[in-house]
Amino acid sequence: MDIPYAACPKATVTWLKEAVALKETTRVNTEATDKNLRMVIKEACRDDVGTYTIKLHNTAGDASADIKVVVFDKPGPPTGPIKMEEVTSDSVILSWNPPEYDGSCSINNYIVEKRDTSTTNWQIVSATVARTTIKAARLKTGCEYQFRIAAENRYGKSSVLLSETVIAQYPFEVPSHPRSVSVQSATKESMVVVWDKPSNDGGSKILGYHIEVCAINKVGVGEHADFPGKILLEEKLEAPDLDLDAEMRKMINIRSACTLRLFVPVRGRPAPEVKWSKADGEIKETAQIDNTGNYASLVIENVDRFDSGKYILTAENASGVKSVFISVRVHDSPSPPTNFIVKEITKNSVSLTWEPPLLDGGAKIKHYIVEKRESTRKVYSPVTTCNRMSWKIEPLPEGGIFFFRVSAENEYGVGLPAKTLDPIKISEKPQPPGKVSVVDVTNSTVTLTWEKPIHDGGSRISSYEVEVAPKDSEAWSVCAAVKAIETTDLVIEPIDPPEVILDAELRKGIVVRACGSMRICIPFKGRPTPEISWSKEDGELPSKVQIETGEDYSQLSIDICDRYDAGKYILKLENSAGTKTAFVSVKVLDTPGAPINLTVKDIKRQSVTLTWEPPVIDGGARIKNYLVERRESTRNVFSNVDNKCTKTSYRITGLTEGTIYYFRVLAENEFGVGQSAETEDAVKCSEPPLPVGKVALTDVTKSTASLSWEKPDHDGGSRIMGYYIEMQPVGSEEWVVAATTKTCEGTVAGLSAGHEYLFRVSAFNEKGKSDHRALASPVTAKDVTVMPGFKIRYNTYSLQQGEDLKIEIPVLGRPAPKVEWKKEGQALKETTRLNVSSTATSTKLLIKDANRDDSGKYTLTATSPPTGPVKIEEVSSDYVTLSWEPPEYTGGCQINNYIVEKRDTTTTAWQIVSATIARATIKVTKLKTGVEYQFRVSAENRYGKSPAILSPSVIAQYPFTEPASPGTPVISSVTKDNMRKEKNSLLWTKLNKLLIPEPRFRTTELEEVKECIRVDGGHFTLKLVNVGGVKMIPVNVKVLDRPGP
């Protein structure tokens, strides 16, 4: 820290910290020169935080100043000890105090961790705790835990605060036995048993009692039977109910000035909170409201028309809300008519119009009463009674002054009137003057006379206007205004347009030094004498301007000039003959005005850039340079940054991150430093935040994707206001903002199922948006699996015999699991009295007229079958190959095996093919050719077997038929070894031992048939064989010989 000072003679310097003398070390040093004091702190830490005092002393006196030093650092540990507010079998509520040292900035969050004392591994309970308390849930009953807590700000995480060890268990015991059990009354089939509560409740409220019943005969006491369920001690809840009798459900009619009394019985447990309100306004402050536990009352005395309306009574308790309304109509005289105006005035009549009253007093308006009052009287007199909403009052005395009012009347009386606020004079415009005559004409004047108007319109004529127009022109202009007098003579002089006489010096302009005086004197002429007005081109005339006008000149003067008096001064002359303007330029030599359009740009953590434009008023000389200054928002004095800036922009560096500054710029010319332009708004030294940390996908469905990310390492010196989540469909080049959130997580909706998307996240603060951080890989919009589960609020239900039992339990899981009800381990059978219904989100059990047979333990099971369909990959005459997909939900553990069964479609009996299949495919063999089969597949894990999925029916056969007959065999060549036939035999010998793959065969080692004769011809057979069957075709052999006899 460098601190300028001045002292003569040289002062002695004393440094203090928190009012104690500062100890200098190798890290903390101070030094003093004739003009500056310096303190150097190397590697500042939290120990250096505090108020430093500098004391100066010499023979002339003493001086002191305080300097507050703040060191930004990670916080100290939370203040202990950690309190265990509430301990249960699976949760602990922890609380602690904030750190004594917060690192000179706000604590962002706390990080809470836990560990089982049997291990050394710590697990995060929550890293985003905003308050100094948390409920650590999902603990294992009976396990001993220890917790540790760290505070975190934007500079890092503190050291941890350790808790004492605690065992997750209830801090109470089972209660002692009930006392004084006795039978109050008994019959053959029932008895009333009473008892006193236990002397010790074990430290917890008694929830209920168990009852056991035993039968006794001559042999002895039989086994006891437990009372189904347990007797719960709970307050019976009852929704609020408001009992309106038949009269109050109708419209309540009441006369004005009477008392309105509304009483409504109220029921409900616990006692409802009751509130009265009015639908179209507020209830009168004088109304008396009394709400007890059994009824609610509202009393209004001296009601009037404004008490009409709908009164709403609302009752609310923990079981619900109930509202009723009561309509009240107060019979009273009507309110004043609305929009009462005077539409037309003539010399002897007035036309009035109005609209109906807003409140008719609960009865139809019968008619309206119109009244008038002369201004000299205080009493109104009736004019008429009408059914219309307009009336013309006549005759009225011409020139008379009147007030008027209108009142509405119903069967309950005359209402308040609507009045005219201002007096109305009965008159109209005068008629034109009579004959106009020219009496005398000279070279410069005209004398006119005219007659009075025949009628003055009912009001005295105040003046006449005389207009003139050149010959053959229709441009009439007023040349004179004459007050009404007894005579009607007027002398009109000739007219000349105004003319300005500017000398050469005024045309060049006037130059004056600041604080000097200025005079602008301009002669003029014109008839009639022109009207004169001065103005300034760029604004209004200053208040210090003095204007003096004679018969033929006008002078503008300013005694003490400044820069704002520079500009163009305009003189305007106007008479009936025309208009003339002239201007004089004035330059005031002064310091310049303030620069304009001062803007702060490119704000960083330790620097800002200022830009501006030259002053509009340069003071009559060239701008030499600009002075740039700054001040912190906590100070009132500006300090110099640069006093020789020659450009209209400047980058200020060396600012403190997070500090709020004001800046100003002053222009300087040869006459001095001008006025300053100051930033209107405070500027905080910050910049857009750094990119967010790692982005992760937390959930995805076919229409939504949920992301989470780590907050940026640095917020840019300004609080992060939120985050943008942007998405881009794969194949597109456009990124769009899909969601905005204030936390480090968010969900994007409106995705198209099956499409791939890219996501990226950016943070933003008041300075702008950070760079993006993208998700590592594309996301396909599809549903994911969620473990099946139930939200069971109660696990015990008690009801009397004959009552209906309805149980609805929410079901969790994706895809929707199959829900199965069992009773005592057996599948629940539905009857006309017992029904089970399930949806994708819930399951319902309805038992009508329940009896003792319905008591017992009911079990709910939610399962997810393998994913179908079962595919038939290959079919043959004695086997089929099947395949399927694994279940979308595995039950939270590994699938052990699959169970495949088959059945002949002519029967309903299923046979197990295999119960130990590890993969999602199987070859089912030993099938009967031509028989139709169906298969089903179930998945099994350590907790049981899933429901089965069925395959389509399939016939065990080759997927082809017997071949068609080949073409006619052709003996392509015959040798002595290529054809044989047993002599004297009809039997054929098989030559080929294997199937012939081609339509060609050659055989050798045949017995030579020499000198064939006709008997060697005949029929040969070709036999074709494949896996599809056997085919026989004949072959004819002819021996060509001479004919027989």
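A Cβ is built for glycine as well, from the same backbone N, Cα and C atoms used for every other residue.
Residues or ranges marked as domain 'Fibronectin type-III' in TrEMBL: 77-171, 177-282, 336-429, 432-532, 594-689, 691-784, 865-964. The domain 'Ig-like' annotation in TrEMBL covers 240-327, 498-585, 788-876.
For the domain 'Ig-like' (788-876), the model gives a mean pLDDT of 83. Highest Cβ pair count under 8 Å relative to the domain 'Ig-like' (788-876), across stretches 77-171, 177-282, 432-532, 594-689: 177-282. For the domain 'Fibronectin type-III' (865-964), DSSP puts the residue distribution at 0 helix, 50 strand, 50 coil. Mapped onto DSSP helix, strand and coil, the domain 'Fibronectin type-III' (336-429) counts 0 helix, 51 strand, 43 coil.
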